[in-house]
């Protein structure tokens, strides 16, 4: 490219026209073939926008289906060349040639149409379709005869297009250029000097065509002329211009029109043939013999609406005439509306205001007339509205309030239909996600909760799980569980239970004891993760379930290791005589505290029975003289728990009518018990010290005899102290395990124990003998081991035990009533 051409392009570049219309349209004019990166215009300045606003509003170019030749430099607000532009490839012979695109801005959404006109430069040289042409001319051709030559083709337009033809040598012919109204230039070779075949049968001419560009470009074609015999009439068309129309969907082979030319000559000189002389031969063809113009290619109204066919008629003598056929392409509705999404939001908040723009849509239908009129609509029953903002542009806006909990996403189908017959339509589906707002508080599945846990649980045991649901999403629906501060019996509830913040699982912090606490309640708060957070509360009640973890406790008769208690039964007792009552309690509750009494072992099973529910020991037959004085009963007290627990009590019964008879039998009772209990110890000791025992055996026997003699003297000569024992007045909650009757004894004592008197106070009373191995005059309290009687809340402590000093004298007139047995000294062998 020469320096002159470069200067011309620079001048064209700096003479760019920037025009802004009232509608905001900006126009530019640039030459073709500009280098990549060349400046087109300052779009920020021409639109009156700052460069920062272009960047902030995410400006971009929308070109539709066409290639993108122009790009936007958002950092400088400039339009620059992205790809080399060839005007001839882009527009062909169409003028003016322009690029149309839009600048799209967001927040708010705005569209600015941009037009860039592409001006022509002389970058193409004229060319002929053929490098050589053969022409036969009759020698009888008259001066002024015209011979149509092949037109050269120059894709450039205006001054850069074809300008002139020259023919050399020009002895017989000259060229003449005819410009027509449609800018088509027809070149003819005119005979200016008669031909003489006898002088020169063949002539070669050089046809040169030049354009008007700078620098000027040229093309050549060699013309070979053969001089024929006389043919002095040329064909003549009946019309110089033919007009026809054809639908764009016409099939190949469709006859468009028919041309006709006549030749006054006769014979072979009058035969005419038809040919097409311009560059539409890929779309149309003409029958050489009859002049019918047929369609051989495909038509598209949206690409080209008019065609001009140059038809040439030539006789056998080479004489020609020409005409043109103007073909108009008729549009049919063969294009669906095209829906282009200019800008859209994929997510919108559920608290968005009405008329919020969701997306901008551009609709294009390349058809014409009614076929190109488009109406658009969206599906029903959605809170959105489609509004027409300008020609071919629609905006999708919110029409009412949104609720993500009711619908978290919408599939919005936009359907566009043209008004052609039949109507064509197209649609596009937009997926719009609704973002969540924390507008829902967590909701518990129940208004209150009750849970059960068995006592003696392992600390950390999971009791049950709270569940609250939040209709929101993600973080706004992430529920945390919080134990509210409160107290249970003055102790913080957090020392009883804990709540897992994430799962809502309630764990026991400690092991519960039903006998100490039976139930308690607290409140738990469910709070979501929104900002600000929302919450709700629920009351939880924990009920402790009893477990059979306590053995029955025998209150009466008291089992002591130091004294032997015996119940007296007179031999005159009738059947059903109440010997005593086993009193036991169980601190458990429910069926775990239901007690039953069974006689496990007895000296004479045929004499006594135990009431299954009340623990009363009664005679089941008449007492006889054959019955042993010493009767030992083993009673099992068993609760109704699973598994059941039990306690064993030994009841010693003396079958006798007087104390001396009892004493003679019960002296060995304690000894036998101690002997049996310590049998293993004595056996081991005997093996170890057998020789020592042999030496000291006599001494031990003498000592025992003396000891028994002294005990007998004490029994009859000392003041025998009476220590009253009071069975508890224990209320019977379930009708079992309590003493239902109180048995009183009236004892009158004198200073001489042998003159003492014991009188039964009322019917159904009983006597209890207590044997104490101690030889001292003071009887200690019988209960030495820690038992239920030691508990601060036991009925016995509330009742109170009255102790009587064994050493204090008892007045002869003094009588006391007590609930107890009579203590008798035991004798050790």
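Note that Cβ sites are derived from N, Cα and C of the backbone, with glycine treated the same way.
Range 679-704 is the one annotated as transmembrane segment, of 679-704, 705-730, 731-756 (source: TrEMBL). Using DSSP to sort the residues of the domain 'Cadherin' (445-554) gives these counts of helix, strand and coil: 7 helix, 50 strand, 53 coil. Counting residues per DSSP class in helix, strand and coil order gives 4 helix, 57 strand, 44 coil for the domain 'Cadherin' (340-444). Looking at which of 238-339, 340-444, 445-554, 569-666 has the most CB pairs under 8 Å to the domain 'Cadherin' (24-128), the answer is the stretch 340-444.
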